[in-house]
């Protein structure tokens, strides 16, 4: 496609695109107007140089314009990771989302099937009995009646089909791996976002600020997890009231024991679903600890708790009272109605 060639030529020199140029270039990519050779060369040029903030904002804008949107209550948040940490861990953000919803904060969770693990959010939720691929009206009902919905990425970003073959052929991370967490179909203004590389934390936080987010914690565990980990400290880049600050979370400071990486390693969706149900039924496991830690952080991001310790305590209470188990039961029932 001739109109795409100027953008390809510019990135080939190592120069960065402006926000507007990136938006237009990704409009072409997502419209299916670009050959596989052009798309692959373009994406790899960005990858090798490193994507600039304005390029990520422009790309996200192009994808957001095309996504199927969902109406969510005010104050809804997302708990999501970029994936790609190759940890094979349990479905931490999924369980944390259930706990957060049980504490009264609506969670519009956006996710997909496994990319680098054996069980992604979609995989474990399906194993738990949640129906995937609901239309926007069905998702809105889930939010209203269960306080939680799962927006299956492939049902909301049909334009991604144009670049799917290229991504498979490249077989490596590209900018598209980052766009999912930046393009929540419910337009949430608050996020707990995990990243597979610490170097991404501040740039993606600034991108979300540019895209209109109001409160964000972007986290990267010292063990490489795209979650707040319990094996050691976690670095946090927080967007709060228009300002960005950096701090570290140590699970021991909120009364949680350190875990080993093996403690957090999951398996297939059925195994992870059974482990999740066990936590909701009261099992005190390392999976429980990391889930209440992440849910506690989400409650702070949502403004429902003043501090992490309070958030962790509320998340734990949601398990003990059965409120979290009830959220999952309602989500299964409403999604299958």
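Note: Cβ is positioned from N, Cα and C throughout, glycine not excepted.
Quick caveat, the model's predicted, so the values are computed rather than measured.
Copied from Swiss-Prot, the annotated features are:
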BINDING   81, 84-85, 89, 91-94, 109-117, 121  5-phospho-alpha-D-ribose 1-diphosphate binding site
BINDING   81, 112  anthranilate 1 binding site
BINDING   93, 227  Mg(2+) 1 binding site
BINDING   167  anthranilate 2 binding site
BINDING   226, 227  Mg(2+) 2 binding site
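Structure coloured by features recorded in Swiss-Prot.
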residue: 81; record: 5-phospho-alpha-D-ribose 1-diphosphate binding site; contacts (Cβ under 8 Å, 6+ apart): 93, 181, 193, 194, 195, 196, 226, 227
residue: 110; record: 5-phospho-alpha-D-ribose 1-diphosphate binding site; contacts (Cβ under 8 Å, 6+ apart): 78, 80, 150, 151, 153, 156, 180, 181, 183, 184, 185, 186
residue: 112; record: anthranilate 1 binding site; contacts (Cβ under 8 Å, 6+ apart): 120, 121, 122, 152, 153, 154, 180
residue: 113; record: 5-phospho-alpha-D-ribose 1-diphosphate binding site; contacts (Cβ under 8 Å, 6+ apart): 120, 122, 123
residue: 167; record: anthranilate 2 binding site; contacts (Cβ under 8 Å, 6+ apart): 43, 174, 176
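Mapped onto three states, the DSSP output places residue 227 (Mg(2+) 1 binding site) in coil.
In three-state terms derived from DSSP, residue 81 (5-phospho-alpha-D-ribose 1-diphosphate binding site) belongs to an extended strand segment.
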